[in-house]
Amino acid sequence: MESEKSKFDYYIVTPDSLFERVDGIPMTKEEIRLISLNRLGVRNGGHFLDIGTGTGSVAVDMSRLAGPNGKIIALDRDEKAIKLARINLDRLSPYKNIQLVLADAYAYSPADSFDAIFIGGGTGDLPNLVSKYVPFLKSGARVVINAIQVKTLNDAVESLELNNFRNVSVIEVQISVGMKTGSSYAMIARNPIFVVSGEQP
């Protein structure tokens, strides 16, 4: 029988259907992960931070792309999210290269520097959050922020520009998914997501 970890060998990112879910704990959907991970530039042997890991979906795919010599820190302030992320990482991550941390992102102090940081949720004050982590970014490191609300989008762009990030980019992603209705399919729209990214000098 095919194992859970081998099922995603056919995919660039792990299918949403393979993740355990709990109501109230957010998950970055696979289409958004694909774009976000590309913008992050996750590579073999790199060091990456996932802020607001939720279900752990981004961390799982970071783990695969970073390989056995990579290192991922997945951070969340919600104990239920950390427990759920642990279940998903144990089932789906092919490498033991992820450290789960229960902490508020504004209070957490990393011991190392990062090649890229993903900010996916639980971020009420983006300008201060981005400023806090700038000293922990390597030269040329990337930050990617996912936003649903327009205010969060504006805060994300402002945060990167105030910290002198280069090549600040905004992509709006609108996904519709086909649902069987009788003999045909109806396209059901999901919420639009803004993917904001920038590079450290």
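The backbone N, Cα and C atoms fix where each Cβ goes, and this holds for glycine too.
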Listed in Swiss-Prot for the S-adenosyl-L-methionine site shared with Thr28, Gly52, Thr53, Gly54, Thr55, Gly56, Asp76, one of Ala66, Ala105: Ala105
Residue among the binding-site residues Gly52, Gly54, Gly56 whose Cβ has the most other Cβ atoms within 10 Å: Gly56
Other C-beta atoms that fall within 10 angstroms of the C-beta of Thr53 (S-adenosyl-L-methionine binding site): 35
